[in-house]
């Protein structure tokens, strides 16, 4: 065999004085395919399962035993306890890495090997000139021994092992064999890269195709040098960048260059600085390995679960202008955007139903259904109070079912949930008060407002006004999302406090007008002289009689305790917080250490359903008369004097149909802002939606539904931010298989129409399900409201920055924007958002609520004014750049770069560190 590389088989290592042997093919087979073919090869499989087998036992009875395995992290087999350790970050000594590098420096490497079995590989390894015939046979016998695995390997047709189920599809394997052999007088090292992966018998505990084999053998030694060198080889192979370099290598020098690149990234821990016996747990977010790859392989990838990375220049802007999404490009034709939305969504229509066939959809349906009916009852009751029952709970149920079903069937973004919202309810209250004060017939007056709103919205659709949502940056989105979240939280707490009025809490020392004890219920009997006597004036134990028994014996129950149960208010609070805490804990249960991963995922998916069932079970076990869900049982209008179809004029004058255009204009602004801000939030890039948005199509159907609900006197509906976000969160898709120690990767949202459609059909059918729904306590549903509000609010960067206002600097988390923006500037930006949020809440809650739509529009202007206060880099970290300004800034940067560096040769030296933005999806 011809020897190739930096030294021959008989060369002496300058440092160790010992012969280091690697096996190589002849020049023709060593190079393998052409260099042009090599350049087209990629990293290969994203995962590599690495197993280290060691020769253990007495010299007369040695056998291969599995002692360690790697994918992303290391797992050690504790031989005494006979179980695998938890995955941890591997730690190595520098000496072991340098020893391995010495092997690569002076040895021969077997690259692009094309053997098909372990016996063929053993035959190649045993052809060393330094071995005598007896040594070759003994070495072949040792290498062909069947290794003993902690978990016996399964054949291809057998049941899959737990480890096999965790491995992602396409995973390849590598084997590291280390040990001491008494018949060897010199160290023997072999590094093999297979041209095509091949299964080598039972070399690993799972039958995976083999990509690499590393053999490190030698005479008996006092230290653990072979073991540590084997671990160093395994850690090298677990690095994707080194694997890519090994696949591209055409000579041992290429492997040395790859190892030098690896050593440049190694972090050294000084002795005494850390307890080396402790195992470092895996990080929650892995580093961007693709940034270390060559430029042709640097693709945009997620750095960790749910996070998105983007490259930005020294001003915080993208290196290349971000192209405007297809949904927000003007066509220049009337209804051009609507036509494009229909063409874009039509090919996905069938898959919108087929993609919902999963158990996760069932969980989402139950969760969103209960949230929807709770929302319908809450806003229906508030609307009934605001309109003197002209519209009530029944109208809310019917309108939610009809409008939501139509929207889910034909809208561009079916994940959106339509519902009554706080801002729209404020506007309805203003319209009713105006019509009542001026003697107008409310429903016909409201009908013409709805007609004009639909006309204005259709004009916005025709002129493609939805492209203006490009100016809705994170500042505007977070302000609106925070407002809606606070409305949910405020309503939930307000409803719970109102229970204290219906079920009062009695305090010690107080007594009623009857003179009885505050908690007592005494039975009084009328005496023969016309007076009354109590149970304590002659009859024994009559005070212990229940009110029904007292009435049967001719007595009369007296006392506050006869008609009120003082435990209701406190027990309702228990149900409220139990539902909220249970939903929160179970939602994060998938990241706990209990139960298998599949069980944790099911519990997390059904967290809200389990929390509601727990609240219902707790209520049923005690049998207290807590307020229950009340669903209308008859299909008729709430107000007895109204009909379903609203007349055009009623008793109103004809000219009112023209005068309603003014309030309709304000309402149109509110509908446009409410609908499109929610749509922008749901279609943010961190959700990784694949089927695209439909801003024009969504607004079109909102306009059509505005006509329908106005004609039948039903509430007006737009997208509700909080429930829509909860809907998307319940449909999060995560990787089913992941490496041990690795968190599941966020794969996107299960985009479909079926869950929303079934939710709204069930909402309409709830009128006929009243006997079963009456057992659900209202405090449980209020706890659901509270959970959705808190979850939506905590998902924003705004909530993270609010926490910083109350947090000392030394306890602040390591957030990325804290590394690039001064803390005082962050507090200033947060304060501006808090002031805007306070103004929105004040306007919504006062008589000036008529201008609330203009206040929402003013958020865009305030964001524009912030450019005079904050630098572009600060806004790039705290907010999103405005599209036109971003493109202009990038163009200016290109001009400056051409002026200072016309040939572009020194651009790498002039560029500064590229910041990385991670956006959370939880």
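Including glycine, each Cβ sits where the backbone N, Cα and C put it.
Summarising the annotation, TrEMBL assigns compositional bias 'Polar residues' to 299-309.
Look at the domain 'Band 3 cytoplasmic' (48-150): DSSP puts its residues at 32 helix, 31 strand, 40 coil. The domain 'Band 3 cytoplasmic' annotation in TrEMBL covers 48-150 (among others).
According to TrEMBL, the feature domain 'Band 3 cytoplasmic' maps to 160-275 (among others).
Taken from TrEMBL, the feature region 'Disordered' applies to 299-323.
Through the fold, the transmembrane segment (364-384) approaches residues 390-397, 400, 404, 417, 419-420, 425, 428, 491, 495, 606, 608-609, 612, 629-631, 638, 715, 720, 723, 726-727, 730-731, 755-756, 758-760, 762-763, 766, 773, 776, 781-782, 784-785, 788 of its own chain, all at least 6 residues removed from its boundaries and within a Cβ separation under 8 Å. The feature transmembrane segment is assigned by TrEMBL to 364-384 (among others).
What TrEMBL lists as transmembrane segment is 396-427 (among others). Within the same chain, residues 341, 344-345, 352, 368, 372-373, 375-377, 379-380, 382-383, 386, 483-484, 487, 491, 631-632, 666-667, 670-671, 674, 678-679, 682-683, 692-698, 701-702, 704-705, 708-709, 712, 714-721, 723-724, 727-728, 731, 749, 751-753, 756-757, 759-761, 763-767, 844, 849-850, 852-853, 856 sit at least 6 positions outside the transmembrane segment (396-427) and bring their C-beta atoms closer than 8 Å to a C-beta of that stretch.
Here TrEMBL flags 447-468 (among others) as transmembrane segment. Residues 328-331, 334-338, 431, 646, 648, 656-657, 660-661, 663-665, 667-668, 671-672, 676, 695-696, 699-700, 702-704, 706-707, 709-711, 713, 716 of the same chain, all 6+ positions outside the transmembrane segment (447-468), place their C-beta atoms under 8 angstroms from a C-beta of that stretch.
Under the heading transmembrane segment, TrEMBL lists 480-500 (among others).
Below 8 angstroms of C-beta separation, residues 492, 496, 499-500, 503-505, 603-604, 606-608, 610-612, 614-615, 618-619, 622, 624-627, 777-780, 782-784, 786-787, 790 of the same chain, each at least six residues beyond the ends of the transmembrane segment (568-586), sit close to that stretch. For 568-586 (among others), the entry in TrEMBL reads transmembrane segment.
The feature transmembrane segment is assigned by TrEMBL to 606-624 (among others).
Among the features that TrEMBL reports, transmembrane segment is placed at 653-673 (among others).
Taken from TrEMBL, the feature transmembrane segment applies to 694-718 (among others).
Distant neighbours of the transmembrane segment (754-773): 352-353, 356, 361, 364-365, 368-369, 372-373, 376, 394, 397-398, 400-402, 404-405, 407-409, 414-417, 629, 631-633, 635, 727, 731; these residues of the same chain sit at least 6 beyond its ends, with a Cβ under 8 Å from one of its Cβ atoms. According to TrEMBL, the transmembrane segment annotation covers 754-773 (among others).
TrEMBL lists 780-798 (among others) with the feature transmembrane segment.
The annotation transmembrane segment is assigned in TrEMBL to 839-862 (among others). With a threshold of 8 Å between CB atoms, the same-chain residues lying at least 6 positions outside the transmembrane segment (839-862) that come near it are 422-423, 426-427, 429-430, 471-472, 475-476, 479-480, 483, 486, 663, 666-667, 669-670, 673-674, 677, 832.
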Under a Cβ pair cut-off of under 8 Å, which of the recorded stretches 480-500, 606-624, 694-718 contacts the transmembrane segment (653-673) most often?
694-718
Same-chain residues at least 6 beyond the ends of the transmembrane segment (480-500) whose Cβ lies under 8 Å from its Cβ atoms:
378, 421-422, 568-569, 572-573, 576, 627, 673-674, 677-678, 681, 720-722, 725, 778-779, 782-783, 785-786, 788-790, 792-793, 796, 798-799, 833, 837, 840-841, 844, 856, 859
For the transmembrane segment (606-624), distant same-chain residues with Cβ under 8 A (at least six beyond the ends):
363, 366-367, 370-371, 565, 567-568, 571, 574-575, 578-580, 582-583, 586-587, 589, 730, 775-777, 779-781, 783-784, 787
What is the average pLDDT across the domain 'Band 3 cytoplasmic' (160-275)?
84
The domain 'Band 3 cytoplasmic' (160-275): DSSP-derived helix, strand, coil residue counts:
41 helix, 29 strand, 46 coil
Same-chain residues at least 6 beyond the ends of the transmembrane segment (780-798) whose Cβ lies under 8 Å from its Cβ atoms:
370-371, 374-375, 377-378, 474, 478-479, 481-482, 484-489, 491-493, 495-496, 575-580, 583-584, 587, 608, 611-612, 615-616, 619, 629, 721-723, 725-726, 729, 817, 830, 833, 878, 920, 922
